[in-house]
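Chemist: Got a structure here, written out as structure tokens. Questions coming.
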Amino acid sequence: MLTATPLPHQLLATFLLVLASATQPAVPASTDRAALLAFRASLSPPSRAALSSWSGPLSPSWLGVSLHPATAPAPSVTTPSVAELSLRGLNLTGVIPAAPLALLRRLRTLDLSANALSGELPCSLPRSLLALDLSRNALSGAVPTCLPSSLPALRTLNLSANFLRLPLSPRLSFPARLAALDLSRNAISGAVPPRIVADPDNSALLLLDLSHNRFSGEIPAGIAAVRSLQGLFLADNQLSGDIPPGIGNLTYLQVLDLSNNRLSGSVPAGLAGCFQLLYLQLGGNQLSGALRPELDALASLKVLDLSNNKISGEIPLPLAGCRSLEVVDLSGNEISGELSSAVAKWLSLKFLSLAGNQLSGHLPDWMFSFPLLQWLDLSSNKFVGFIPDGGFNVSEVLNGGGGQGTPSESVLPPQLFVSASVDTVSWQLDLGYDVQATTGIDLSGNELCGEIPEGLVDMKGLEYLNLSCNYLAGQIPAGLGGMGRLHTLDFSHNGLSGEVPPGIAAMTVLEVLNLSYNSLSGPLPTTKFPGALAGNPGICSGKGCSENARTPEGKMEGSNHRGWLGGWHGENGWVSLGAFCISTMTSFYVSLATLLCSSNARNFVFRPVRVEY
């Protein structure tokens, strides 16, 4: 499952505030100056040193201080009052000095994020606040019920990445004016409050992020009543039960992330009502049933992640209507049948993973013909027949059209930017899907046979290629050495024969090579990977290479941990990619694969699937 980047996996929320001036009467600047000096005095000595510029008359030269412009000349007001206080990332320590802050009666924005402030959340903050950001500190305890009532004008509240642990009170309810609420990356337990917004019918809430906590119980139906929502993040909790069908009433919703919970039932057909949805992530749950054909109404959908569930059945043809899809991850399910021609209509695809399902049949001719394709993973299925030798020249990135070193920005995994504004508040989300920038193809752990197509090794932009644990036969194409960007190559556990192409020695960026357990012969073209050819009895090394020479069995070099689809176990550990990859292949299966994939059987075995656009 692919997860959202955590940031690394997962998600970053940044609030960009453009706030109108408050209309409250001016307060003498001397009061604000005294309040700021009292605030500084309440901090630890090292923290005070960070605010050494706070001396002399109150002015914009004070670090982190923005002032209201003077409205009219008056002898009693020599300088404006404080409008914004932004002390982000100054390593401030201690408890938030709320009493001095409460004296800043025209303060609109308070940003104390990315410090080391501790203690509990205060309630005695300026009632004039429109934006409060206390994220990335060491605050503990609970979100007090007095906080919303003490800040009636608040539009954005960010308390993410703290140590808040106590359950939210069922009476906790925020005012309808609130536009963005981020409580993510804490350890808050208990149930989600049934009415997190006091007046959902008149709510201005755009963003609700409760992800990466310990919330349990069902998703409250009241969330579906907040019709203004554009981003709903409940991922990485312990939520259970069905997905509320009422979520389909959120017609403004652009991002829905319920991944990594314990949700059950089926994917509700009502989600088709979220016709503006760009990002749908339901992976890592216990969802079952078939894919809903009604989802074809999501014509704007760019990211669809239903990985690691129990979804069964075939990929329905109506999903061809989702023509904007760029990232599709259906891996780790129980999807069966042949590849649907609906997939062929997703011409904007950059990432496609159907790994770890029960898909069968032949790989269609159009499988490699997506013009923007960057990553294709069909591993650990039941595909049979030959790898189609066509369509390899279509994808710009896989053919090296993105420049040297890394693919061009236009074909990297999508960075979705969702923005919205209500009156004077705007916010922006950087939803970088957690897809590695590597370009690659993984067909391991299937029942593919025949020879490796020449067109496949002509894809100069490939950085990762895994065809292991199949029944491939014939020689390794000589053009393999021309794949100058390839850093991982695995052809192990097949029936390949002949000599290893000498061009492998010129592949300077190659880090992982596994050609073990085939029927390869001849000399070693390189000594960089001494264990990569284990289980090939015909391989020999050195100038005295003879027919009976053997290379010592070893382990694959240059490996790193790769996760559930196959483990690189240590730097010199054994390699086995694909959940169903067998550790050895007996001579019986090698012979059987060679027979089935012989040139005489080719026309009988291979029946290509053709799709007309």
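Here the Cβ of each residue, glycine as well, is placed from N, Cα and C on the backbone.
The N-linked glycosylation site annotation in Swiss-Prot covers ASN91, ASN158, ASN249, ASN393, ASN466, ASN514 and rests on sequence analysis. Among the features that Swiss-Prot reports, repeat 'LRR 6' is placed at 202-226. What Swiss-Prot lists as repeat 'LRR 7' is 227-250. According to Swiss-Prot, the feature repeat 'LRR 13' maps to 372-394. Swiss-Prot lists 435-459 with the feature repeat 'LRR 14'.
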Chemist: According to DSSP, how is the repeat 'LRR 14' (435-459) divided among helix, strand and coil residues?
Modeler: 4 helix, 7 strand, 14 coil
Chemist: Between ASN91 (N-linked glycosylation site) and ASN158 (N-linked glycosylation site), how far is it from one CA atom to the other, in Å?
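Modeler: For ASN91 (N-linked glycosylation site) versus ASN158 (N-linked glycosylation site), the Cα atoms are 18 Å apart.
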Chemist: Looking only at Cβ atoms, how many others are within 10 Å of the one on ASN466 (N-linked glycosylation site)?
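Modeler: Around ASN466 (N-linked glycosylation site), other Cβ atoms within 10 Å: 27.
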Chemist: At a 10 Å cut-off from the C-beta of ASN158 (N-linked glycosylation site), count the other C-beta atoms across all protein chains.
Modeler: 24
Chemist: Quick check on the glycosylation sites ASN91, ASN249, ASN514: which one has the highest count of other Cβ atoms within 10 Å of its Cβ?
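Modeler: Its Cβ has the most other Cβ atoms within 10 Å: ASN514.
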Chemist: Quick one: pull the CA-CA distance for ASN158 (N-linked glycosylation site) versus ASN249 (N-linked glycosylation site), whole Å only.
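Modeler: Distance between the two Cα atoms comes out at 26 Å.
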Chemist: Pop the Cα-Cα gap between ASN466 (N-linked glycosylation site) and ASN249 (N-linked glycosylation site) into the table, whole Å please.
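Modeler: Counting only the Cα atoms, the answer is 43 Å.
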Chemist: Counting each residue once, how many in the repeat 'LRR 7' (227-250) are helix, strand and coil under DSSP?
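Modeler: Per-class counts: 5 helix, 7 strand, 12 coil.
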Chemist: C-alpha of ASN466 (N-linked glycosylation site) to C-alpha of ASN514 (N-linked glycosylation site): distance in Å?
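Modeler: That comes out at 9 Å between the alpha carbons.
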Chemist: Work out the three-state DSSP category of ASN158 (N-linked glycosylation site).
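Modeler: It is in a strand.
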